[in-house]
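As given in TrEMBL:
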- 45-373: domain 'Membrane transport protein MMPL' (DOMAIN)
- 635-941: domain 'Membrane transport protein MMPL' (DOMAIN)
- 12-31: transmembrane segment (TRANSMEM)
- 185-204: transmembrane segment (TRANSMEM)
- 211-232: transmembrane segment (TRANSMEM)
- 244-266: transmembrane segment (TRANSMEM)
- 287-308: transmembrane segment (TRANSMEM)
- 320-344: transmembrane segment (TRANSMEM)
- 365-389: transmembrane segment (TRANSMEM)
- 760-779: transmembrane segment (TRANSMEM)
- 786-811: transmembrane segment (TRANSMEM)
- 817-837: transmembrane segment (TRANSMEM)
- 858-891: transmembrane segment (TRANSMEM)
- 903-923: transmembrane segment (TRANSMEM)
C-alpha cells in the first residue's frame, strides 16, 4: 500500500507539485496574511477569569474610569529642571488624551496638584509622568490599538525644546515585546533557511538534493500559514506573534528532518543496488510510518498546549500543530514526487558513503560494552542536569524585550530619578456600604494605609489620607490640638484682660456700702453710687458675653477631640486618648465657669437696678437695698474666685496643647484626623476625584514596593498586601460591609506563577501519556515505549540544566517562565521521533540478534538521524538572532536538547538499554520474521555496511 503511494507520487510528480504550488498560491492570495490576522485577532495575555483581571474590571465599574488591566504611562524627562513650559505641555497632553484620544479611558495627572505633586515629579525635578488607563486587556488587539493611539497623541503634541517623552508601563511593554519579535521574524526565518541550506549542501554536495527537503518544507509552510490565518480570522483558534514564530521554526525543523529521513533511506537503498523506483518505494514503506508517527507525536504534544490557561502558551499549540501536519503531508506526497522526478533525470543520487563504517564501529562498541557506555553517558547527562538544582525562573517581562524599545527607555528615564517600581504599583480598592468622604472614613483609610506599610517590601502607599505617599502634616489629632491651643490662647487672654472690671465692681460696692451708712448725709450720693454700680455691672455683662462666645467657639474646635475621647471605651489605657482627655475636661470646666460668671454679672446688674428703684421710692427701702448690696458682694466674690480658677486653667490648657503638638510633630502616633473642612479645600478636591469613586463608597490605594514587582517579589508581596488590608478593616465601621480588591503587576504575576505551574503539570502528564500511547503502539511494546519516553525526559532535564548553566550562571539572565514548557513539548516530541526511528530500525533488524541489530541500526540510521538532529538544532539556534530574550532562550534550550538527544541519548543511552534488556525490550512480543522474508529483505542491503572503495 505504502509503496503504491510512493510510485503514484513519483509517476504523477508534476501534478503533485502543481497541486502544492496552487494550494500555496491560492491560499496566500485568498486569505489575509497571518501577520495581519494576528494583529487583528490577538487575545488577552491573562485569562479573562483571572482574579487580577476581574478585580480591575470591578474597580473600573466602581470608579467609572476603565474596566481593563491595560495601564500605560507617559514619562517626561529632560537634562534640565522642568519649568512652566513643561507643565503647560503636561496639561495640554493630559487634556488631549482625555478628550481627543480613542482608547484612553481615564488619565491621572496630579503633577499640578500640590497635595500629590511629589509622587509625580522626580526628586531632581527633571522628570515627571502621568498615568493613563487604556481600553482592552493586556496583550489583546484592542490593547495594542489603544497603546498605538496613545503614542500617536503624544507625537502630535509638540514638547518644549529639550523635553523627551516615552510611553511605557505594562501595556506598552507587552506591545513592544511582541512588536520586536514581529519585526525580527522574517530575518530569523531567512537566517534559519540559510543555515539549513548550507548544512544540506555540505552533507549532500548537490544543490538539487538539498533543494528537495527545502522545497517540501517551504511549500508546507506556505500552505499551513493561510490555513492558520483562516481559522484565526474566524476565531476558531487563537493566534499570536509567538505562535507564528514557533510554527515557522517547528515546520522548518521537523519538515526538513522528514525529508532527510526519506532521502537517507532512499540513498541507502540506491547504494545497495536497488533501482530508483524500487529504492523509493522501499524507503517510503519503511520511513512513512516513522514520519507519520513523528508528526503525530509532535502535533499531539503541541495540541496539548491548548489546555494551558496562559494565552502565550495556548496560542502556540494548534497553529504549530497544523504546521507539523502540513509538513507531514508534504513529506509524504511532495518529497517522494520530487525524488522520483529528479531520479528519472539522474539527479538526487547519493554520493559515495564514507561515514557508515564509522557509525558501524560506534555500534560495535555499544553492542560489545553496553554497561560502561550507558554509565558514561548517564554521568554526562547528570552533570548537565545538576544546574537545575539552583535554577530560577524569571517572570519579568520587562527584561525579555530589547533595551531600545520606547517602553524600555521610559523605564530607563525613571530609573535613578524615582524610587523603584514607581510605574508598577499594586492597586488596592476598598468598597464600603457608606460614604468614605468623612473624617471617620479617612481614619479607616489611614488605618489600612499604615497596616499595608507594615508589609515586608512595601515602601510607599499613596491613598486619600496620604495623597503624596507621606503623612499629611495637618492630618493628626496632635496638630489639631496645637491649632486649638493657639486659637484658645489668644481668645482666653483677650477675655481675661476684659474682665479686670470685676475689681472695679468690688470697689464700687464698698463705696456704695459706705454711702448707705451716710444715707442721712445725702441720698443723692447713694443714688449716684448705684448708678455707677449699674454701669460697672453692664461692663461686666459685656465682658462675660464676649468670653462666653469665645469659649464656645473654642469648645467647638475641640469637638473632634471630644468625639475621639467619647469613642474610645478604654481611654485611660491609651496614652493619646488620656492626653486628649486632659485637654477636653478643663475646657468643659472653663465653659461651665463662664456660664456662672455670666449669670453673676446679670444678677449684679439686676440688683443695682432694683436698689436704685428702691431708693427712689422711699427711704424705708434702705434695708432692702442693703440686702441687695450684700447679695452683690457675694456674687462678686464668687465671680472673682471663678476668675482666679479659670485663668490658670486656660493658660495651663493652651500650654499643654502647644506642647502636645510639638511632642508628636512628625510622629505617626499623633492620631490621624482631618476635619470636615478639608473636603472643601480646592487642592484636596482633585485628590478626592482620583482616589474616591463618584458616590464615595469606594477608595483605592496605590502600593509601591521594592525588588521585582514583575517577579517573585511582587507575587509574594501581593498576597501579604491583601491580608494586611483585610486585617486593618477589623474593629472598624467597615468590618462587616468592607470589601477589599487587589490588582496590579504583582497580583497578576502571582496568578501567572500558579497558572504556569498548573499548565506545566498538565502538559507533562498529557504529553507523556499521549506520546507513550503512540510510540508503544508503533513499536508494539510498552517496555520500548517506556524506554523511549524515559530517555527523552532525561534528555530534556539535561538540556534545561545546560541552558540554566549558560543563561543564568554565565549570562546572569534566569530562564523565562515559558521556556520549560515549550522546551518540554518540543524536546520530548522530537526526541521521541529520533529514538522511534532508531527503535524501529532495531525492530526491523531484530531477527539477526540484538547485538547485530544494534550494529546494523547504527550503520543505517546513524548519519541520517545525526544530520536531522543537527538541522533541527540549527533551526532552533537561529532563534538566538532575536533580540527578544524569551525567543532566544526557547531556541537555544531546544537546540541544546536536540544536540544532547542526537549525540548522547540516541547514540549512547537507548541502544545500550536495548542491548541490556535483550528480548525484554520488545515484551510482550518479539519481532521475529520468517527466515525466508528476512533473507529476501536483507540480501540486497548487506553491501551498504561494507567500507566504501
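Backbone N, Cα and C atoms are what each Cβ position is placed from, and that goes for glycine too.
What TrEMBL says about a protein is an automatic prediction, not a curated fact.
Note that the structure is a prediction, hence the values are computed from the model and not measured.
Of the recorded ranges 12-31, 817-837, 858-891, the transmembrane segment (244-266) has the largest number of C-beta contacts under 8 angstroms with 858-891. Averaged over the domain 'Membrane transport protein MMPL' (45-373), the predicted model has a pLDDT of 89.
Between the transmembrane segment (760-779) and the transmembrane segment (287-308) there are 3 or more Cβ pairs closer than 8 Å, counting only residues 6 or more apart in sequence, so the two stretches are in contact. Taking residue pairs at least 6 apart in sequence, the transmembrane segment (903-923) and the transmembrane segment (786-811) share three or more C-beta contacts under 8 angstroms.
Proximity of distant same-chain residues to the transmembrane segment (211-232), defined by a Cβ-Cβ separation under 8 Å and at least 6 residues beyond the stretch ends, is recorded for 20-21, 23-24, 27-28, 30-34, 36-38, 41, 193, 196-197, 200, 238-239, 243, 247-248, 251-252, 255-256, 258-260, 263, 318-319, 322-323, 325-327, 329-331, 334-335, 338-339, 342, 348. Among the recorded stretches 12-31, 287-308, 365-389, 817-837, 858-891, the one sharing the largest number of Cβ pairs closer than 8 Å with the transmembrane segment (903-923) is 365-389.
Below 8 A, the CB atoms of the transmembrane segment (287-308) and the transmembrane segment (817-837) form 3+ pairs separated by six or more positions in the chain. Sequence-distant contacts of the transmembrane segment (817-837), counting only residues of its own chain at least 6 positions beyond either end whose CB sits under 8 Å from a CB of the stretch, comprise 246, 250, 253-254, 257, 261, 290, 293-294, 297-298, 300-302, 304-305, 308, 312-313, 316, 393-395, 752-753, 756, 759-760, 763-764, 767-768, 771, 775, 778-779, 788-789, 791-793, 795-796, 799-800, 803, 861, 864-865, 868-869, 872, 876, 886, 889-890, 893-894, 897-898, 901-902, 905-906, 910.
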